[in-house]
Amino acid sequence: MNNKSISPIILMILDGWGHSTNAKGNAIHEANTPIIDKLWDNYPKTLLSASGEHVGLPHKQMGNSEVGHTTIGAGRIINQDLVKISKSIKNKEFFNNYQLHNIYKYSCEKNSKVHIVGLCSNGGVHSHINHLKALIQISKQYKVMTCLHLITDGRDTLPKQAKLFVKEIIDIIDENYNTEICTISGRYYSMDRDCRWSRTEKAYKAMVENSCNQNSSSDILSIIDKYYEQNISDEFLPPTKISMHNIVHNDSLIFFNFRPDRIRQLLHSFAKPNFKGFQRKTIKNLMLTTFTEYDSTLSIPTVFPNEPKKNFLGQIISNSGLKQLRLAETEKYAHVTYFFNGGIEEPFPGENRELIASPKVETYDLPPEMSAYQLTNSLIEAINKQLYQFIVINYANPDMIGHTGNMNATIEAIEIVDQCIEKVLHTIEDTNNILIITSDHGNADYMLTDENKPCTSHSINPVPFILINNRQKKQTNLHSHGSLADIAPTILDILNINIPNEMNGKSLIT
């Protein structure tokens, strides 16, 4: 393929930028965005479904960054882990899973405890409470001491909903004398993914030591109430010990999150050789398993092994002899690389990656710009070098600031991204570069509930798709009623590369 004859494509993913005509709680509607408004009015555009069955999730289940980027890269609808695991519970295959029974048998033989760790909510983004309930059923069968280490959500759910989910678990374990809730911890601590090891360490110590944040009360609901009285929401609950059952030699440990990126640091604190995050305890003969593969470099058995995926967009670009660049800040780096490539860690031949560090702050509403300006400068530099035929860039701002629930900061973040788009447009103005602007899911478009309470979770609204090709501005029409699965076939169509049979998405170009 003659690379010089190709019009380079820039795929710009505005993370968390949904489309809604409802102005209430809509930071995108409230923001001053003259650039993207002009593009929407003057270039071919359509709306894409980014939630539910359109991205391999249950009906009306909100999309998320992992699923969104996987679907964009796949060019097909893939049944996501949430669906696969829930289906296995429904058809009872879950209760015959070899790896789970292996874990429980090990603890029976060693007369030790089984520890279950994961996000306790019905958010469905990283985990699901029904999967935890199914594990507790297996615990009843084996009658081994089972310790629950519950991570509270408040991000993919309402900010103060943890008591509802914990109560559901209490109702189950009241019938099961050998199961106890041993720790709680907000996901801010247990699910950091930006190497803020001081947060992970606090969660780790609650699980392995008696010295961490003990409570005189063993009533977990009262403990949560006390935190609420201090205006501490679920996401930020300090790691707290409820029962004195530590993780010790010969114990077993099950991680039930199915999405790996935010639980990986906590896993590493137990399992990674030559771990350097903080000083950890020596725990011998610890048997580990994870619901899905969290880290391919660790030989940890999984309950639901990865299914082989081939002919993702990045692989096809590479096989066609084209060069590509993936560009994101820390918070979304895994999404434009690992997830976009179908769970493959290593870059494809001809694929370069650039990571811009996210700011080290408590919450991202403190600097709504995050690293958007640095990202934009790197993108402009890459465009000017004329090395790449395909560039993927992710702007994290709408999603990450949207998750804070801070409306004013989110509006500012949206306006900053709009300014960055303007700089990119000036750069490609007199070139043959093609810019595609889209998103992976909604968030900043829905920040207030019907009860006027802050909403920090994603929305199920569609996302925009704008095709900016100055050489064919008036000649291109786009299909309506598309989905994220149609983006990769559209890009291959523009590049005049055959769309593989594995891609069941369709080109959006009519």
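Using N, Cα and C of the backbone, Cβ positions are placed for all residues, glycine too.
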According to Swiss-Prot, ASP15, ASP440, HIS441 bind Mn(2+) 2; which one of SER65, SER378, SER507 is listed for that same site? SER65
Same Mn(2+) 1 site as ASP399, HIS403 according to Swiss-Prot: which of HIS426, HIS458? HIS458
Which of these, ARG187, ARG326, does Swiss-Prot list as part of the substrate site with HIS126, ARG155, ASP156, ARG193, ARG259, PRO260, ASP261, ARG262, LYS332? ARG187
Relative to the Cα of ASP440 (Mn(2+) 2 binding site), which of the binding-site residues HIS126, ARG262, HIS458 has the closest Cα? HIS458
Can you count the other CB atoms that lie within 10 A of the CB of HIS441 (Mn(2+) 2 binding site)? 31
Cβ proximity for HIS458 (Mn(2+) 1 binding site), under 8 A, sequence spacing 6+, ordered by residue number, returns GLY16, SER51, MET62, GLY63, ASN64, VAL125, ASP156, ASP399, HIS441, GLY442, ASN443, TYR446
Is ASP399 (Mn(2+) 1 binding site) helix, strand or coil when read with DSSP? helix
To the nearest whole angstrom, what is the C-alpha distance linking HIS403 (Mn(2+) 1 binding site) and ASP15 (Mn(2+) 2 binding site)? 11
